[in-house]
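Notes follow the structure.
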Amino acid sequence: MPYTLLVRNCGQLLTLAGGPTHRPLTGPHMQDWPILADAYVACENDRIVAVGPMAELDETQVTTETQVLEAAGRVVMPGLVECHTHLVFGGNRAHEFQRKLQGESYLDILASGGGIQSTVRATRAAPDETLLANALHHLAGFQRYGVTTVEAKSGYGLDAETELRLVRIAREASRRQPVRVVPTCLGAHVPGPEYKGRPAEYLHMLVTEVLPQLSPAEVPFVDIFCEEGAFSVEQSRHYLAQAKELGFKLKIHAEQLHDLGGCRMAAELGAISIDHCDYLNPADAAQVAANGRTVAVLLPLVPLFLRQEVYAPGRQLLEAGVPVAVSTDFNPGSCPSKNLWLALSMACLKMGLTPKEALAAVTLNAAWALDLQAEVGSLEPGKRADLLVLDVADYQEIPYWLGENPVRDVVIGGIQQ
Ligand SMILES: [Zn+2]
């Protein structure tokens, strides 16, 4: 079959290929992946079928049917994988920005009925069409930044009906546009307002009324916020173990504001990812590294936006052998940004990642954090044809042009968007 799409004259082709297939990248593998000079990527329909130097291009497969995308010496790389967002919500929290600037902390605002509770009120009150339209607006924004796969957590309903509604809307949003959406149930974000002071009863409600209504084939992940004011390590362990029993894969928000031990606990349960990790201590990091599979998802725009000084110890985590991914944590409270390129730059500036490590963290390791490593995250034959042509000639420019969007072309499933 002739190629349906050929991306030619890639000045630098960031393949992210050739690493271990049984575990995410870590240690030296985070940056020893190859960059091909003067290269091409060929696709048949939604799959990549060949990658290599221009000199080895099989011209017999290039016909009048082939769409040719001329990269003209630019950088070409896999589509970005955004592995941690809270995509579906009502309203916004712009009014709290001022309070934050005047010195109120995330937990202060939460305690006064603001923060997540105000988004819960707005989300419950919003009709489905509004929530769907908001989600589609944000997905279009992600796509402009070159994000081709987005994880989307529920968690602003906090009652059975609305949590199920948010998951349905995330799935509907996936069907309505090209960016792949991977839904996660984060019903256990904080206890619902009707369960104030009764977190264990709230979790019991989720296990009996929400999780049984979801199919792990359609909603692969269950997540929980393990933090003061949310759920304890013991409550989180009990809940995640029950979710695992029901067939879900596990994620956790942990060590965001305090070192409670949630990351180690979740890694012991075989969590696919542990997210935030700002306060993860070296002993627990060594425990996480020992399981070889759990990805630490670092979210550097969150401490930036919350005006906090502590960032996850990315360099130490890598040196301890923990696989690392980077994401925005897009949400209305602690990171209203969809700019994963800015997160990548901040991971270099504040967490000690090198540009190549940060690029692996928003592509292949982010795919591992969604258990989609066989499908996306690198440019290799057999993988989905999700790729970007950037408006830079050298990968080192990517974190350097701080806050810019380097994307020139986005291809999703073999189709130029
Ligand atoms: Zn989050």
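Cβ coordinates come from backbone N, Cα and C, glycine included.
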Further binder of 4-imidazolone-5-propanoate named by TrEMBL next to ARG93, HIS189, GLN256, SER334, taken from the candidates TYR40, TYR145, TYR156, TYR395: TYR156
Annotated companion of HIS84, HIS86, HIS253 at the Zn(2+) site, TrEMBL, chosen from ASP329, ASP371, ASP386, ASP391: ASP329
Contacting binding-site residues, sequence order - ARG93, TYR156, HIS189, ASP329, SER334 vs ligand 1, Cβ under 6 Å: ASP329
Distance [Cα-Cα, Å, rounded] between HIS189 (4-imidazolone-5-propanoate binding site) and HIS86 (Zn(2+) binding site): 11
Cα-to-Cα gap, HIS253 (Zn(2+) binding site) vs ASN331 (N-formimidoyl-L-glutamate binding site), nearest whole Å: 14
All-chain count of other Cβ atoms within 10 Å of SER334 (4-imidazolone-5-propanoate binding site): 23
